[in-house]
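What follows is a short report on a single structure.
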Amino acid sequence: MALCLAASLVYHGDFIPYDQLVRYKWWHKHGYMSSTGQCFDIGAATCKSLSEFEARQKTFAKVQNIPMDVIDFIVDAECLSKFDVKCSESGVAGNGALMRLNPVPLFFYRRPALAVEYSGISGVITHGDRKASDACRYYGALIVAALQGANKEELLDTDFYEKHRPWFGNVSLVPEIMRIAMGSYQKKGGYEDGIRGKGYIVAALEAALWAFWSEETFENGVLAAVNLGDDTDTTAAIYGQLAGAYYGYRNLPQHWANQVYAKDFLLGLSKWIAYEGSIWRPNKSEKSGLVAQTVPLKENNVDNCPDKYESDAKPVSSQERTSREKSQQKGSTHGPNQNISRPPNAATGRAQMPLAAASKEDESGRSRFPNESQSHTKREANFTYSSAQKEQTAMRNLSLPSTWKVSAQSKQARTRLRSVNNPVIVQGTALMSKQSSRVNAEKTQDASVPKKAQTPSRTNTQASRNSTTAKKPSTRSGYGATSLPYKNNTVKNP
C-alpha cells in the first residue's frame with residue numbers, strides 16, 4: 001500500500017486521495033505493486049473500505065454519466081470534488097492507516113503544515129476514526145522533523161506538539177494520541193510495562209515509538225519491535241518509517257537491504273518521490289479536489305527553495321545533518337546553475353537533462369521538460385468537444401466532464417489512452433510478479449527443443465501464431481489496448 005501511495009504521488013505529482021484509493025483497489029483486486037503478484041494479508045477494515053469505494057465508483061459513474069472503463073482515471077478537480085473519498089465507517093482505528101504513511105511526509109516535508117494535513121487525510125480515507133487520522137498527523141510530523149535534521153532528543157521531546165503547533169494547524173490531538181506525544185511509550189520495561197504491537201493504531205504507534213526510543217541503531221530497533229510479538233510486521237514497518245528518516249539510507253544494515261525484493265525499483269521510485277516533491281508548488285493542490293488549510297510558509301521552519309537541496313532533492317537524515325551544515329558553511333550549497341543528476345524519464349527510460357536546466361520555469365510557472373510533455377507538463381482541463389482532436393486531447397489529459405459523450409472518436413481515444421498514457425510505475429507490478437519467472441521458464445523450454453524436431457506443419461503453425469500475435473496489442477506487456485491493471489501483467493523488455 002505504501003508503494004501504491006508513492007506511485008500516485010509520483011505519477012500525478014500531487015496528493016490525490018481518489019487516485020490513491022484506485023491504486024489500493026488495484027492492489028486488492030489484481031496484486032498491483034505486490035511482491036507476489038497477489039494481494040495478501042489485507043486488513044478487514046481496509047478490505048471493507050475498498051469495497052465501499054468500488055461501490056461508490058459505480059454509483060458515481062451512473063450519476064455523472066462516466067463510462068466505467070475510465071472511472072479509475074479521473075483527475076479533474078471539479079469532478080473529484082463531488083466524490084466522497086472517506087470510505088470508512090466511523091470508529092475504525094486499525095494500524096493499516098499508519099503503516100503506509102511514509103510517502104506523504106517524504107514528498108511534502110519542505111512544507112510541514114501540508115505534510116501533516118495530508119498525512120491525516122491519507123489515513124482517514126480507509127480508517128474513519130479520529131484516532132487514526134491524528135496518529136498519522138503526529139507521526140507524519142515526526143518524520144518531517146527527522147528529514148529536516150532534528151536530533152533524537154528533539155523528536156522524542158514531550159513538548160514536541162506544543163513546539164510545532166503551527167504544523168498541526170492549531171488542531172489539537174485526541175487524548176489517546178496526545179498521551180503518546182507526551183511520552184507514554186518511554187518505559188524501560190517495554191513488554192513487561194505493557195507495550196504491545198497490536199492491530200489497534202494507538203498501541204501500534206506506542207510500540208513503534210518505544211522501539212525508536214529504546215534502541216540506538218536501526219537494526220536493534222527493528223528487532224525490538226518484532227520481539228514485542230502480536231502484529232510484528234506492521235509494528236516494524238511503522239518503526240522503519242521514522243527510523244529510516246532519522247538514520248538515513250546509508251546507515252541501514254546492508255545485509256538486510258541487499259535482500260529486499262525489487263531493490264532497484266524501490267530505489268528508483270524513492271528518487272522520484274524526492275524529485276517530484278522538490279518541484280511541487282502549492283497551486284498544484286487544486287487538482288486534488290481538496291482545499292488545503294495551509295499556514296504561511298514563513299511559519300514553516302524549512303527552506304522552501306528546492307535548488308538548495310542535495311542531488312535528486314534527497315532529504316538528509318539527522319545523522320548526516322552535521323556534515324551538510326559544514327559543507328554549506330564552506331559555500332558548497334547547490335545553486336541553480338549546478339548540474340544535479342535526475343532519474344530517467346518515467347515514460348521512455350531515457351536520461352533527462354540536468355536539474356539546473358529543468359528547473360527553469362516559463363511564464364505560467366510550469367517547468368520545461370523537452371521530450372517529456374506527457375510526463376511532466378501541467379494537465380489542462382478541456383471540456384469542448386467540437387472536434388475529434390479536442391476530444392482526444394481531453395482523454396490524454398484525463399480531465400473528464402460531468403457528462404461524457406461516448407462517440408466513435410472517444411472510444412478510439414480511450415483505446416490510445418490505455419496504450420500511451422500508462423505510467424511505467426504500473427508496469428513495475430510485472431517486475432514484482434511471480435509470473436515473469438514462469439514466462440522465462442517457458443522460453444527456456446521452447447529454446448531447448450531442437451529445430452530439426454519441428455515439422456513443417458508445426459513451423460507454419462508457429463509462424464501463423466507469431467503473425468497473429470504481431471497484429472494484436474500485447475496485453476501481457478502492459479502496452480495493450482485494454483484497461484489496466486492486469487492480474488497477469490508480465491512485462492517483456494520494451
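Please read every residue number as a count from 1 along the shown chain.
Cβ atoms here come from the backbone N, Cα and C positions, even for glycine.
Database features, via TrEMBL:
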type     : residues               : note
BINDING  : Asp231, Asp233, Thr234 : Mg(2+) binding site
COMPBIAS : 329-342                : compositional bias 'Polar residues'
COMPBIAS : 383-399                : compositional bias 'Polar residues'
COMPBIAS : 454-477                : compositional bias 'Polar residues'
COMPBIAS : 485-494                : compositional bias 'Polar residues'
REGION   : 300-399                : region 'Disordered'
REGION   : 431-494                : region 'Disordered'
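In the structure as shown, the Cβ atom of Asp231 (Mg(2+) binding site) sits within 10 Å of 23 other Cβ atoms.
In the structure shown, the C-beta of Thr234 has more C-beta neighbours within 10 angstroms than that of any other entry among the binding-site residues Asp233, Thr234.
The residues near the Mg(2+) site, meaning same-chain residues not in Asp231, Asp233, Thr234 whose C-beta sits within 8 angstroms of the mean position of the site's C-beta atoms, are Asn95, Met99, Gly197, Gly199, Ala204, Asp230, Thr232, Thr235, Ala236, Ala237, in sequence order.
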